[in-house]
Amino acid sequence: MTGTTLAATYGPISGADLEAELAQPRIADGDAQDAAVYERDGGAHAPPDGDRADVRRAAGAGDASVRLTRVSKRYGERAVLADVDLSIGRGSFVSIVGRSGCGKSTLLRLVAELETPSAGTLVKRGDGGGALDTRIMYQEARLLPWKTVLQNVMLGLGRRAKDDARAVLDEVGLLARANDWPAQLSGGQRQRVALARALVHRPQLLLLDEPLGALDALTRIEMHALIERLWREHRFTALLVTHDVQEAVALADRVLLIEAGRIAFDQRVPLDRPRARASAAFAALEDRVLQRVLTGSDAAPAAPNAAGPEGASRGRAAPASGLRWAV
């Protein structure tokens, strides 16, 4: 059976990934070739096995730091990002919003080092200036369908990591499904497994590329609470790309808007956690960000104490409850 045939059967895993998996030599421990498939897509430059334990220990002692200086990205003649300057504080949660094609996911891929800048510099520093373990979650869970839930979480770690994998499955509420197949899970449960697979490595930086975009509204809210709880417990740095402005405000300390390849808006979110979505302060801040995305101007009233002096009202905006998506 070819990788193309398997891709048609199993969907989210691309044909190229499966071809790579099938081309690997079969050895006693099948985790090695499966891990190669995972590391290329979701491992985002994971360290070699021998270094992984040291990185996990460092992650427990410090947080991630990312700095971009005049970073640009071009594909041929088309400029996607232009002169981006961005500093992401250690342990912070940053959301990126913007219209389709503005460069959000390209920026995330640059931070993941899945692509390289055309110009400028990108620096990632772990604790004490050491290596920075980075993991990435996509909209598709990208689970290997021939592996159980537990085996998917253990990819790249070997059988000695079973206790760690079971512990993180317990954290995401899926320990009872450890021996099930991915096909037996709902979409939200598959994303929980993908989250567990990232967190078992104890990353210092977690990149989220619209991971909840395909889920229903109630499941999204449950996942928001889970991601926030785990972020607060593990204190990794999080960078989220999303089309959903409400999601961005609910999760982040800071919301960035990308327009025409540049950071056009940088909004702090000083609301208490957990966020009360029905509160006037939350609604006003969400509305301000959304109006900035839609109109290109800061027309909405700011939440009290949320935006500083620049948040003064300059016009009447549509209710935030009626508009959420920046597409």
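From the backbone N, Cα and C atoms, a Cβ is placed for every residue, glycine too.
Annotated region 'Disordered' per Swiss-Prot: 21-54 (among others), in sequence order.
The annotation compositional bias 'Basic and acidic residues' is assigned in Swiss-Prot to 37-54.
Positions annotated as domain 'ABC transporter' by Swiss-Prot: 66-285.
Annotation source Swiss-Prot lists ATP binding site at G98, R99, S100, G101, C102, G103, K104, S105. Annotation note: R99 (ATP binding site) sits in a coil segment as assigned by DSSP. The Cβ of R99 (ATP binding site) has 16 other Cβ atoms within 10 Å, all protein chains considered.
Annotation source Swiss-Prot lists region 'Disordered' at 300-327 (among others).
Of all Cβ atoms in the shown protein chains, 25 besides its own fall within 10 Å of the Cβ of K104 (ATP binding site). Long-range C-beta contacts of C102 (ATP binding site), restricted to its own chain and to partners at least six residues apart, with a cutoff below 8 Å, comprise I258, E259, A260, G261. Apart from G98, R99, S100, G101, C102, G103, K104, S105, the ATP site neighbourhood in this chain, defined by C-beta within 8 angstroms of the site C-beta centre, holds I258.
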